[in-house]
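Enquirer: My questions will all concern the structure given below.
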Amino acid sequence: MKSILNDFLLMIQFFTRIPVNKNLQCEKENFRRGAFFLPVVAFIIGGMEFLIYLALKNFLPPNVIIVLLILFTAMITGGLHMDGLADTCDGFFSLRDKERIIEIMKDSRIGSYGTIALIIDLLLKYQLLYSLVLKGYSIAIVLAPIIGRISILFLCLSKRTAKKNGSGNIFIGNMSKPIIFFITTIVLALSTYFLGLRATIIPFIGVLLITYLLYLLCLNKINGLTGDTLGACNELGEITFLLILLMI
């Protein structure tokens with residue numbers, strides 16, 4: 001029980017700004033087991049967003065609430081995944097060789113491609129969530145972050161790391177397939193309960209496809225994955241899920 005709590009708190013500490021203030025075991029096996037809790041952390045974030053939406057929907061118009069929810073997400077996650085998307089776009093669209101791309105991705109400064117990617121990411125999230133709320137799919141506020149984290153887990157099934165050292169290496173190739181498939185089954189079952197089978201399976205297939213295409217792009221550009229590409233995967237997974245859900 002103590003080890004389970006350790007791994008759960010480790011995921012909260014690693015992926016959010018929620019203060020844990022505990023000396024936690026941070027071995028590779030802790031992250032391997034803790035992967036089970038990544039969608040749980042996403043559920044906590046999405047659940048908090050949904051509660052904010054419910055609390056404000058009778059006082060503010062939906063478009064204003066969605067802006068506040070996006071701001072809340074950026075604050076509670078520290079913009080971790082959005083930063084990964086920006087760094088990935090800066091590197092990949094620089095059209096340089098592998099070593100130079102990785103150097104660009106490690107640079108703390110944001111470039112033009114990263115800026116454009118963030119603007120598009122935020123605009124799409126805003127418009128898609130706003131449209132889905134008007135359509136009666138406010139549960140997407142909760143489900144999108146979870147599906148995004150699920151896509152990270154699937155990407156991490158690869159053992160191809162682009163760097164010898166990096167924060168992403170503690171996850172890449174360090175995933176348990178049974179854990180991933182178990183938590184995915186639970187998430188899809190819950191999504192089916194709220195959205196129906198068709199509105200669950202079709203967007204999820206789209207997310208898996210985008211995840212695989214990103215994986216192929218990473219192999220082509222830097223011969224593997226980094227922590228930044230995992231963050232980019234989350235953002236692309238969320239956008240893909242919301243976009244297809246709105247379309248069907």
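Along the chain as shown, the residues are counted starting at 1.
Cβ from N, Cα, C; glycine included.
According to Swiss-Prot:
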TRANSMEM  36-56  transmembrane segment
TRANSMEM  59-79  transmembrane segment
TRANSMEM  114-134  transmembrane segment
TRANSMEM  137-157  transmembrane segment
TRANSMEM  170-190  transmembrane segment
TRANSMEM  199-219  transmembrane segment
Enquirer: In terms of Cβ proximity under 8 Å, which residues at least six beyond the ends of the transmembrane segment (36-56) contact it?
Expert: 7-8, 11-12, 15-16, 65, 68-69, 72-73, 76-77, 133, 138-139, 141-146, 148-150, 152-153, 179, 182-183, 187
Enquirer: Against which stretches of its own chain does the transmembrane segment (137-157) lie, if we need a Cβ under 8 Å and a gap of at least six residues from its ends?
Expert: 35, 38-39, 41-43, 45-47, 49-50, 53, 69, 73, 81, 129, 171-175, 177, 180, 183-184, 187, 190-191, 194-195, 203-204, 207-208, 210-211, 214-215, 225, 229-230, 233-238, 241-242, 245-246
